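Please read the structure below before turning to the comments.
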Protein chains: 2
Amino acid sequence: MTWLEQIKWDLDGLVPAIAQERGSGKILMMAWMNSEALTLTRQTGHAVYWSRSRKKLWHKGEESGNQQVVHAIRLDCDGDVVLLEVEQKGGIACHTGRHNCFYRELQDDQWREILPVLKDPKQIYK
Amino acid sequence: MTWLEQIKWDLDGLVPAIAQERGSGKILMMAWMNSEALTLTRQTGHAVYWSRSRKKLWHKGEESGNQQVVHAIRLDCDGDVVLLEVEQKGGIACHTGRHNCFYRELQDDQWREILPVLKDPKQIYK
């Protein structure tokens, strides 16, 4: 079996892919990949995901310039989750203009924002 | 809306939950939670997942003793992924006896094991 075949794709042909920032260790985001996205990620060295909402390949940073340079690709014990070690160009992974997507934390039974907006999304996506 | 209602559960009523080790920042595992699992996690301070294979609640560490003490619960921008900051009891998150589940790395188009087995699973699950 090839390395791609060893992955347990779900019924939609996808796996969750977690992007972790090299150095800081912070989790930037979690998105989904199909076989083509992971192959392209491997070939280009830049993270390519599958957008479930737009139903097409999503070259991360294609609009914003905030690409993710992939340094390592890991697979979990069950073979159904991928972990990417990436360098986040521009220091912004989230479409809201924050460093990463996990900017809400549960405090007193409410989701509180704990990360600042570094750049106005209107400036990111023109 | 309550904090639970603000989460975008998938069609099966689940969300992916990533467990990240406090301090080291290492990703320990990714599993799934339903509303009850996340509520119990919140109430008990210990990670509770939903086992899709066994179709029941999975109190992490119930057999192994390797519980996860939850220090923070975060939610991503789309509201469909949860991130837990945890203290991993026993230093072993993976059922294979390794520190974490992401012990395979893609090298030369093969998945190579990059983490040692710290404890024989037969000793963990008696």
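Yeah, the Cβs are placed from backbone N, Cα and C, and that goes for glycine too.
So that you can see what the record holds, here are the features copied from TrEMBL:
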DOMAIN    A:29-103  domain 'Phosphoribosyl-AMP cyclohydrolase'
BINDING   A:Asp76, A:Asp78, A:Asp80  Mg(2+) binding site
BINDING   A:Cys77, A:Cys94, A:Cys101  Zn(2+) binding site
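Annotated features taken from TrEMBL, shown on the structure.
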| residue | record | Cβ within 10 Å |
| --- | --- | --- |
| A:Asp76 | Mg(2+) binding site | 24 |
| A:Cys77 | Zn(2+) binding site | 17 |
| A:Asp78 | Mg(2+) binding site | 14 |
| A:Asp80 | Mg(2+) binding site | 16 |
| A:Cys94 | Zn(2+) binding site | 22 |
| A:Cys101 | Zn(2+) binding site | 24 |
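In this structure, the C-alpha atom of A:Asp76 (Mg(2+) binding site) lies 24 angstrom from that of A:Cys94 (Zn(2+) binding site).
In the domain 'Phosphoribosyl-AMP cyclohydrolase' (A:29-103), helix, strand and coil residues by DSSP number 13 helix, 29 strand, 33 coil. Calculated from their C-alpha atoms, the gap between A:Cys101 (Zn(2+) binding site) and A:Asp80 (Mg(2+) binding site) amounts to 22 Å.
Comparing A:Cys94 (Zn(2+) binding site) with A:Asp80 (Mg(2+) binding site), their Cα atoms are 24 Å apart once rounded.
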